[in-house]
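Asks: Copied straight from TrEMBL:
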| type | residues | note |
| --- | --- | --- |
| DOMAIN | 1-357 | domain 'Aminoacyl-transfer RNA synthetases class-II family profile' |
| BINDING | ASP71, LEU72, THR73, ARG98, GLN114, ASP118, ARG267, TYR271, TYR272 | L-histidine binding site |
Amino acid sequence: QGTRDHAPAQVALRDRLLSAVVSCFKRHGAAAIDTPALELREMLVGKYGEGSKLIYELQDQGGELLALRYDLTVPFARYLAMNKITNMKRYHVAKVYRRDNPATTRGRYREFYQCDFDIAGQFDPMIPDAECLKIVHEILSDLQLGDFVIKVNDRRILNGVFVVCGVPESKFIPACSTVDKLDKMPWEEVRSEMVGEKGLSPEAADRIGEYVQLHGGLDLIERLLQDPKLSQNKLAKEGLGDMKLLFEYLTLFGITEKISFDLSLARGLDYYTGVIFEAVLLQQDNEHKEELVNVGSVAGGGRYDGLVGMFDPKGRKVPCVGVSIGIERIFSILEQRLEASGEKLRTTETQVLVATPQKHLLAARLKLISELWDAGIKAEMLYKKDPKLLKQLQYCEDTGIPLAAIVGEQELADGVVKLRDVATRQEVRM
C-alpha cells in the first residue's frame, strides 16, 4: 500500500534524524508552525505541474471537495495569505500524501514526512536564498551521509533558454518537466520525449540540449552572461545576475565546493519563480572506482514569489524561498547502514532500572521508582512481584539501560541504594 509501520528501533532512528534537522532549523531562528492535513481541493490543484495527478482527492458528506496535502509549501502560502503575514521564518515537520507508485527500497511512499524551512518577506536579493543552501549544506554535513552536491539553477534562466531555443510559452512547463528527468535518463531519451510526447520541434530540442547539459560554477555564469543569444533575453540576464550574486554569498559561507550551477535542474513544480536547488548524494561507482554516481535527491527547494498572491483576495504578493529535506530518503539510507553495521539502536531513553535481589520487596521498588520519576529521572522496573536479579540485569543489557538502582534488605536497613554500572559491573552505595 506504499505506507509502513515503524518498529521502535526505526522510530528511535527517525527521531534522532528529525532532532538533528530541527535543531539546525532552530539555530537559524525559525519558528514552528502547523497546518491541517486536509485542504480544499482547489487550493492544491494546478500548483504541482505533472504532480497534480498524484493528489489524494476526497469528498466529504456535504459534497465539499477536499484533498490531503501534497507538500508543506502550498499550505504555508495559504496560511500566510489567510493571516495577512508578510514576514516570517518558519519550519514545519509533518506528513504529506501522494497517490504515487511506491518504491519502498528508495524511500518513496504514499505517506511520508517532510521537513521544510522557509523565509517569507521582502528582502534584498539572494541573501535568504544563500541561507537556505547553507542549511542544506549544514544538515547533510552533520548527518555524515557521505559525499553530496547541491545543484542550483534559476527558472528565469531556464525560461530564457526555452525562449532563445524557439519553444512556445505554452510548452514551457511540459518542457521543464522533461528536462528535470536528465538526472535519471540520458539526453537522447529526454530529447525524444520532448519531440515525441511534448511536441517540440527537433531543432528546438537540439538547441535546448546545447544549454541543459552544461554545469559548473562562477566561470560558467560569466560565460553565459556573454552568450550572444542568452544575454539578449531579459529574464535569463536577470537570473544570471542573481546567480552570480548567490555564488558570491556562498563563497563567503565557504560552501561553493559542494555547489554546482546545473542548467539541467528544472524541478517540475509550477510555483517556482527564481532560484531552484536540489541536493543529491554521491557514491563511488562499483565498476569505475574513481567515478561518483548520483544515488538520489535528498533535499530540494527554491524561490516561489507568486504563490502567496494566488491565495490572497487582493493578490498581495509575499516573496518566499524555502527548502524541503527528504527525510524518508535519508532515513532509508541510515537504516540500511545500521543494518549493515549490526549496531543495536536504543529504543528508549531509560536511564535507570529499579531492581531488587530478594522476594517481597515490590513496595520498596515502587517507592523508589516514584521518587525517581518525580525528580525527572527516566526510570523503569519489571512488572513482576518477585523477579530474579539476573533477569533484571539481563533486561538492562538487552535494552541498553546504563544503570541499575538495587534495593535489597541490607540496603533498606542501612538506608542506602546500591547503584550498579551495567557495562562495567562496578557498584557504589549511596
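FYI, residue positions are counted from 1 along the chain as it appears here.
Note: Cβ is positioned from N, Cα and C throughout, glycine not excepted.
All annotation found in TrEMBL is predicted automatically rather than curated by experts.
Here the structure is a predicted model, which means the values were calculated and not measured.
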Asks: Taking the Cβ of ARG267 (L-histidine binding site) as reference, which residues of that chain separated by at least 6 in sequence fall under 8 Å from it?
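Replies: Once residues fewer than 6 apart are set aside, ARG267 (L-histidine binding site) is near ASP180, ILE276, GLU278, GLY300, GLY302.
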Asks: Would you mind pulling the longest C-alpha to C-alpha span across ASP71, LEU72, THR73, ARG98, GLN114, ASP118, ARG267, TYR271, TYR272, which the record has binding L-histidine, in angstrom?
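Replies: Roughly 22 Å, rounded to the nearest whole number.
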Asks: Measure from the Cβ of THR73 (L-histidine binding site) and count the other Cβ atoms within 10 Å, all protein chains considered.
Replies: 27
Asks: With every protein chain in view, how many other Cβ atoms are within 10 Å of the Cβ of TYR272 (L-histidine binding site)?
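Replies: Around TYR272 (L-histidine binding site), other Cβ atoms within 10 Å: 26.
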